[in-house]
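Written out below as structure tokens is the structure these notes cover.
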Amino acid sequence: MSFSTLPSNDQESENEFESNRQESEVVLRNSISREDGVRRRRSVRSSLPGQRKSVSPTDDSLFAVQDDEDFSVFAKGRDYEPVFVTHKYTEQEKETLSSYESCDYLPTHSHVYKHWIKRQMISNIETDRWIMMGLIGFAVGLLGFLLHQLIERISALKWSTTKEFLDDGKVAVGWMFCSAYSMAFAVFAAAVVVLWRPSAGGSGLPEVTGFLNGTQVKKIFSIKTLVAKFVSCTAAIGCGMPIGPEGPMIHMGAIMGAGLSQGTSDVFKFKLPFFERFRNPEDRRNFISAGVAAGVSAAFGAPVGGLLFCMEEVSSFWSNTLSWQIFFCCIIATSTSDLFNSSFQEFRQIGTFGGFQTSRYILFNVYDAVDINILMFIPSAILGVLGGLLGSAFTILNLKMTRFRKRRLASISSPGLVKVIRFVEPALVMLVMSSFSVFLPMAFKCIPYTCLPSDASTVSDFCVNDTTNKYDSQLREEEETFHTCEEGTHYMNGTTLFSNGTYNELALLLFSSKDEAMKNLYLRNSHRMFNYGPLFVGLIIYFFMVIWAAGTSVAAGILVPMLVIGALYGRILGLMIVDIFGVHLDQSYWSWMDPGAFALIGSASFFSGVARLAPAITSIMMELTNDLKVLLPVMTAVVVAKWVGDYLTHPFFHALLELKCIPFLNQQPNVRINKKNVQLELFTASDIMAFPVVTVNLIEHVPTLAQKLLDYTHNGFPVLKELPNGNCIFHGLITRSELLVMLENKDVLKPGPVEPLDDSNLDIAPIGYDAMLRGPVEREQMQEKFLQQFVDSNSHFRNHYVDLTAYLNMSAMSVPCKFSLHRAYTLISALGLRHLTVVDESNQVKGIITRKDLMGFHMVETLGNIMETRPYFKADRNGDPASSRGNTNHMAGKPIERIEEEEEDEERHGKEDANHSSIRVGENECKRMVIKEFATVRRTEGQEVNQLCEGQYQRP
């Protein structure tokens, strides 16, 4: 739908227009004939996005939500919306929304499709499908292993070399090397994305989620995107950027699923003769879902978590059979990744190949897990509240930072300068991060390897006590432990350890990789390992640096950094509890008070406060740490964090969908008007449908068909069949792509008159299903020139016709005008429909519904107008009957049947009114049509509108 661009400087004319619009809302839908729609040139509103008139930034729309004038951090804007509030878009964002096309997941049920499917050999157990799932799992697992090893190698070289300079007292040289090394890799990671493959930037999760919901996003499943994603992610994470690999792994897994299952490549120009039956949109979608789950599994070593993450967050279409198949894929991916990671470290073999080492394949393996206590649920709930609050703050600041970056880059006129800035920003992030890592630990004193009070009777294997024999300290990474602490000599178990028995707390968090920091934070029986100062400093640095780094031009995820942030404030709360109640190590009633355990719960709470995924987060945290004892406290924190976060902001990944303006339909509609939920059962399909509809005939004149394709950018065209009585009824639907393929194949273009094909020769149609699936050969930029040859006056095809019988979708769904809007929404979202045709009692086409008609913001605007127009919605403003959940059969105390009778009486009464009244309503209808459909008339031109519309339309 187009949105009128009307200035708001004339309040009186605005009120007049609003009154006219409300007055004619219902009547207009019945007053515009099909011929009116055919006369329109270049429809602004299409069933799929196409060419639209651009809206000037200075124009105000009747329903527009303009960008906030105050862009400060604390300015309340669209980023502060609770989860139950429909997101609002500016006019510019609506333009971006309209640029996306929807997917056809269900294949066209045509005669050529049925002929094609008869030739496919399908066994009952579908062995080939299970083989493909295994191949995807193995490929993604191997990719995860390569990514992990390369990151380890790049990171180890950076920290070991920097440590050598610090050990020699060359702090400035160490900082210069650390900064230069990190900045070089950061610039390289950004250059791969900016110069070669922009679609590889970010995590890729919003784009994949949007695609699996039914939106086409270009170039996200290309082999070039895979290579760019891998290279950029490896360089960015290896150099120490505060980002994680899980988002890119999800995207790369999706690319693997798409590429392997189809066996084709546009880049390398090949098409394998295997698995041909999977070359359809539905199977491709399912294999992409499998790749997503395998990516999570390989990144975290969490097969169950990968399955749940895909089901809960990414995939919109699910089944029990698909669950089994994807679970098998996750098992293969995790086994492959764990096997190789257990046998190799930085590509050097360790141990015996074939053995699984928990220290290698369980990322943050927890030793000495503590028993929980019922009292533990209280601090767990507190951590849940903190997770919801901080997670919402993280989401809001991240969105504001991204909007600020986009706004500033858009204000720069030089494309070259924009690219330079996108290169420089990641380098600047690493300059700041390297400076923090090298210099900030020097502000904190080195403390002894004593994590417990000196009078403790029990000493942990991980933290040595001054008053007892020195154990081999298992504080992770001696390089981080020593940092710039003075060197001494200690002997432990006959081995010389060059240390004076001290370590730097902040160096454990900053002068290392994020994985090593996590292992230190999760350590059990290490109550005094960190003090408040280093924890608060680390929390502030990670919180804001992750927000900054996540939106830069590199392939980046944020899940691992989120775990670090949550672990930091979880450890702070645990330390507070220890300070209040003391240290208990003897497995007593109070031994549950371990800061390491609360660090784990804090990670889960922040993860939930940002992503709002309960089952997936719980499973991932258990598989990451192998600590099942804290399962119930983790569940408590996750649920509380989700509740708190939902009342403050949208989930982060869904907020990114809205930020990127990628159309997304939730499984259940959520429409709120005047702060109350609206019952969609009270509305009908005709209330939301787009009309008039551009249709084609079963046997269509070729120049006429080409002219329609030139004039309109619709992707779906209802096909009409003419009855003996002259009426044209809905017979099926055909897509724009299929029509272009038919026009490219001259064998189906016959000189008239043409008789419809009968059942005996439908199977020998000139164009096969494979050709229909590939789409038109002509590129989109050349299609207009291609179509023009059919409409020229001297065209060879001016008397030719095309028969659509063998190619139209015979199972295209249609619903009557009075069909429930709620059920129409369910049909489209559950089945993944691209078009839903609306017909009357005679099966004549009246309108069409697409995914964009069901977007939340569009339904709020359209249904809000209807509620202002219809009498039974205005009858009880205070009660707001449309928002009543328990009263779907009565409006303001009246049965629905009685209300419909009153409406019919009003309509009959209107027909008997004087002609002046009829003309007045007709004028309003005309004004609304002109302003709404063409979006070119301004209020300052009201006199011209009156002259144009005077007496043009009469109420039937």
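Positions of Cβ are set from backbone N, Cα and C atoms, glycine also.
Features of the protein shown, as given by TrEMBL:
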{"type": "COMPBIAS", "residues": "1-10", "note": "compositional bias 'Polar residues'"}
{"type": "COMPBIAS", "residues": "18-38", "note": "compositional bias 'Basic and acidic residues'"}
{"type": "REGION", "residues": "1-59", "note": "region 'Disordered'"}
{"type": "REGION", "residues": "874-922", "note": "region 'Disordered'"}
{"type": "TRANSMEM", "residues": "130-151", "note": "transmembrane segment"}
{"type": "TRANSMEM", "residues": "171-196", "note": "transmembrane segment"}
{"type": "TRANSMEM", "residues": "287-309", "note": "transmembrane segment"}
{"type": "TRANSMEM", "residues": "374-399", "note": "transmembrane segment"}
{"type": "TRANSMEM", "residues": "420-444", "note": "transmembrane segment"}
{"type": "TRANSMEM", "residues": "529-551", "note": "transmembrane segment"}
{"type": "TRANSMEM", "residues": "558-583", "note": "transmembrane segment"}
{"type": "TRANSMEM", "residues": "595-614", "note": "transmembrane segment"}
Of the listed stretches 130-151, 171-196, 420-444, 595-614, the one with the highest count of C-beta pairs below 8 angstroms to the transmembrane segment (287-309) is 130-151
Using a cut-off of under 8 Å between C-beta atoms, tell me which stretch among 529-551, 558-583, 595-614 contacts the transmembrane segment (420-444) the most. 529-551
Rank 130-151, 171-196, 529-551, 595-614 by Cβ pairs under 8 Å to the transmembrane segment (374-399) and hand me the top one. 595-614
So which residues does the transmembrane segment (529-551) touch in its own chain, when a touch means Cβ under 8 Å and the partner is 6 or more beyond its ends? 202, 241-243, 390, 394, 397-398, 401-402, 405, 426, 429, 432-433, 436, 440, 444, 451, 462-463, 475, 505-506, 508-510, 517, 520-521, 523, 558, 561-562, 564-565, 568-569, 571-572, 575, 595
